[in-house]
Every structure is written in C-alpha cells, then in structure tokens.
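Look at Swiss-Prot and you will find CYS272 tagged as active site, acyl-thioester intermediate, backed by similarity to another entry. Residues or ranges marked as substrate binding site by Swiss-Prot on the basis of similarity to another entry: ARG162, GLY163, GLY164, GLN165, VAL166, THR167, PHE168, HIS169, SER241, VAL242, GLY243, GLY254, VAL255, ALA256. Taken from Swiss-Prot, the feature domain 'BPL/LPL catalytic' covers 108-312, and the record attributes it to sequence analysis. Residues or ranges marked as site 'Lowers pKa of active site Cys' in Swiss-Prot: LYS238.
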Amino acid sequence: MSRCIRQSVCTNFNVCRRQCFSTYASALKEMTHPIKPSAQTLRHLQFTQRIPFQKGLEIQETLVRANLDIKDIQSKIERKLIQLDEEYKGTATINDNEKRILDKVMAMKPNPIILTFEFEPTYTGGKRIKKTMTPDQIAAYESFIPETQKDNPRPKFVQVERGGQVTFHGPGQIVIYIILDLKTFQSFPAKCLVSCIEQATIRTLKNTKMCDDTDKPLNLDAMTTKDTGVWVENGKKKVASVGIHVRRSITSHGVAINVNTDLSYMNSFEMCGLKNTLTTSIMEQRPDAVVNVQSVAISFVKEMTKLLGIKTLERMQIDDVNILKKNP
C-alpha cells in the first residue's frame with residue numbers, strides 16, 4: 001500500500017566544502033538550484049517497514065539503472081545525429097514526426113528521488129576496504145549480536161559501491177539514499193553534494209520536533225569536522241555517516257542518521273576507519289525526546305529539498321516493499 005502526499009515547500013574537497021558552506025551560511029534557504037525542469041520536483045519514497053538491507057540496495061540500483069539507461073539512449077541519439085550531419089555535410093534532415101519523437105526522448109529526465117529506509121542489522125564495506133577485508137573480519141561482524149537485540153536477525157556483511165570503509169545499518173537508524181543528476185543543478189559537483197547532505201543533517205538535528213505534541217525542536221548542536229559525517233559534543237561523537245557514489249553524474253547512497261540505534265553495534269568495532277571514535281544517537285543526546293526514524297526521515301527530506309532549491313516535494317509512503325517489483 002502507498003500514499004502520495006504533495007507539498008510545497010570541485011575537485012578539491014576542502015575548497016569545495018568551504019565554498020558550499022559559504023553559500024549555506026549566506027543564504028540559509030539553498031546551496032544550489034535546479035537548471036533543468038525535471039529537477040524542479042523531488043520525490044520522496046518513504047519505506048515505513050523495516051526491510052533487509054539488500055532489498056533496499058536493489059530498489060536503489062533499479063532506480064539508478066533507469067537514470068543511466070535514459071542517459072545511454074540520449075547519448076546514442078546525439079552520436080547518431082552528429083554522424084548523419086558529418087556524412088551529409090550538414091544537409092541531413094528528419095521529418096516532423098521523427099523530430100517530435102527525438103525531442104521527447106531527449107527531454108526525458110527523471111526527477112530527483114530520495115529513498116528512506118530502516119534496515120535489518122547489516123555491516124557494509126565501502127570501496128576503500130573492498131580488497132582488504134578478510135573472512136575472519138567478516139565473521140566477527142556477522143557473529144556480533146548485542147544482548148538487547150536477540151530478537152533481531154543476525155547481522156550480515158555486504159560490500160557496496162559507496163565511498164568510505166565499514167559502517168553499520170540497522171534498527172533505529174534512518175538510511176537515506178539520494179538519486180539525482182548533478183548536471184541538472186547549478187554548479188553542483190559531487191563534493192558539494194556531500195556538503196549539502198551534511199548541512200541538511202545538521203538542520204534536521206536542530207529543527208526536528210522533540211515530539212508531535214510540541215513545537216519545541218531537538219536543537220542538537222551538530223557540526224562537521226575534517227572527517228566526513230556529522231558530529232556532536234564538539235566533534236567528539238559521530239551521529240551520522242555520509243557516503244555517496246556517482247556514475248555519469250547520477251548519484252546514489254547518502255547518509256545514515258542514528259535515531260535510537262543500539263550503539264554497541266558500532267562502538268564495539270572501528271567504524272568508517274576512524275580509530276578511538278564513538279558513535280552516538282539522537283536518543284542518547286536527547287533522552288527526553290519522542291522521535292522515530294520516520295519523523296527524522298520526513299524532516300531530513302524537507303531540509304534537503306530547501307538546500308537543493310527545489311520548490312515542490314512529493315512524498316509516497318510505502319509499507320509494501322514489493323510494490324516496486326518489476327512485472328513478470
């Protein structure tokens with residue numbers, strides 16, 4: 001079942017981060033803006049039931065593949081038109097019907113999409129450790145079950161194509177995947193997308209309501225450091241991990257925010273390659289708050305929409321993960 005809700009609403013990392021942050025500081029509303037009509041509406045697919053990590057990865061890859069397939073078709077058309085122009089020395093013509101079809105194909109560009117999930121316990125390995133992870137290390141992750149998590153499935157280890165090293169996804173954590181074409185936004189390289197994700201997370205931790213019955217915000221004082229991610233307690237504890245992947249300007253992966261996660265899943269191991277670093281959660285920082293992964297998901301997507309300069313947000317709440325299965 002699903003429900004649809006419509007709302008209005010650099011090559012050098014350090015240089016890019018400063019430039020993007022400066023934009024954010026001087027104009028709180030946005031860090032970029034759409035330059036293509038397709039990017040003017042953002043679609044939020046909000047999965048409301050906990051699912052296996054691989055299922056979420058499969059959904060993400062299906063949507064990314066659709067974006068890439070459209071790019072492939074458009075590139076082939078462009079190459080063919082150039083070839084015809086060269087062969088006929090600028091005299092080649094196409095009839096009106098062919099032109100209408102080609103114009104429609106060339107105008108096809110998917111909207112930006114944000115997927116939000118809560119996953120079963122999973123450790124994921126980024127590209128940095130793809131060739132160095134040993135069977136013994138994987139076994140250690142997959143055999144770890146906190147005393148309070150006996151009713152949850154045993155953790156799995158999954159290799160993924162995002163940047164970074166090992167991180168954890170599981171109950172009490174909202175995982176947010178951002179699928180968009182960087183070229184449909186003004187001056188928006190991948191490193192600036194990372195900065196945008198971090199700032200959206202910081203604003204989420206500050207502005208999300210303590211509970212449904214009050215307008216009082218969490219007002220968590222979060223920040224960025226020299227290490228990617230979002231931190232609290234003056235940079236001593238990490239509350240959100242960030243990692244993206246880009247193929248032909250199409251992005252995937254994004255951010256994981258710890259809401260009421262069992263922190264022993266992360267603090268019993270070295271996460272993200274950061275030694276002597278502790279992970280925290282919203283509930284550890286604000287034990288009197290009544291928030292859940294879904295309220296944080298909605299809050300983050302609103303903040304990200306503003307920072308992207310997008311005016312229209314459409315949300316589809318999905319409680320049946322099989323709704324996106326391909327027809328046989």
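Each residue, glycine too, has its Cβ placed from N, Cα and C.
Neighbour counts of Cβ atoms within 10 Å were compared across the recorded positions LYS238, CYS272; the minimum falls on CYS272.
With a cut-off of 8 Å between CB atoms and residues at least 6 apart in sequence, the same chain places GLY126, LYS127, ARG128, THR228, SER241, GLY243, CYS272, GLY273 near GLY164 (substrate binding site), listed in sequence order.
Take the CB of VAL166 (substrate binding site) and look out to 10 A: across all protein chains shown you find 21 other CB atoms. Of all the Cβ atoms in the protein chains shown, 27 others lie within 10 Å of the Cβ of PHE168 (substrate binding site). Annotation for VAL255 (substrate binding site): spatial neighbours VAL175, ILE176, ILE197, GLU198, ALA200, THR201, VAL230, ALA240, SER241, VAL242, PHE300, criterion Cβ-Cβ under 8 Å with sequence separation of six or more. Listed in sequence order, the residues of the same chain lying 6 or more apart from ARG162 (substrate binding site) and placing their CB within less than 8 Å of its CB are THR124, GLY126, LYS127, GLY243, ILE244, HIS245, SER252, HIS253.
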